[in-house]
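A.B. asks: Got these off Swiss-Prot a minute ago, pasting:
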REGION    1-20  region 'Disordered'
MOD_RES   2  N-acetylserine
MOD_RES   2  phosphoserine
ACT_SITE  48  active site
ACT_SITE  193  active site
ACT_SITE  196  active site
């Protein structure tokens, strides 16, 4: 992608502490410290959609048995995840899979820039954890009614899916089970604020992801279970 070196979405950047309470950096330091005595099979990293998943029963049902770690921080964009990865969040562990779900908060960036940021994350994970597979979850539609951000997220997904074709250990999963109804609306039962998932909304997303994770883990153990069609 031309101009990617100047892409703000792919430049590792810490969050500016506008509120002045240091919470973002405190969470980052906690993630680094918590990982020192863990042996996770799977690590999740991303924004609030990752962070809030940890509070749902389905996390305990599906991902706790995989000794999964959750490094989600609300409000993060791609450049923030890159900074966290460059500053130790994967330093003390050797996961088999890293799940990345970020990009919907890159409001001021183009679809091409967001794609560059996600691709930079995949490249960095490959460098830091060459044994690990990377699963990138597609961005979800957002807003009760059709809007430009929803369309941009759709464009990002198309671009990311194509970009990841060049990375043999990276996989794209369309995380949307069909949240947009035939009239173009999204229900508050699935996304309570038309951005964040409800417990009901998390269920199909997590089950599809869990199915893919099990297949990837089995493949790496030589069992050869085929990948689902939604993953590439």
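Placed from the backbone N, Cα and C atoms, the Cβ positions cover glycine too.
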A.B. asks: Do me a favour and check the Cα-Cα span between residue 196 (active site) and residue 48 (active site); whole Å is fine.
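C.D. replies: Rounded to the nearest whole number, the Cα-Cα distance is 8 Å.
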A.B. asks: Once the chains shown are all counted, how many other Cβ atoms turn up within 10 Å of the Cβ of residue 193 (active site)?
C.D. replies: 10
A.B. asks: Same-chain residues six or more away whose CB lies under 8 A from the CB of residue 48 (active site)?
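C.D. replies: Spatial neighbours, sequence-distant, of residue 48 (active site): 72, 73, 74, 75, 76, 196.
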A.B. asks: For residue 196 (active site), what is the secondary structure state per DSSP, taken as helix, strand or coil?
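C.D. replies: In the DSSP reduction, residue 196 (active site) maps to coil.
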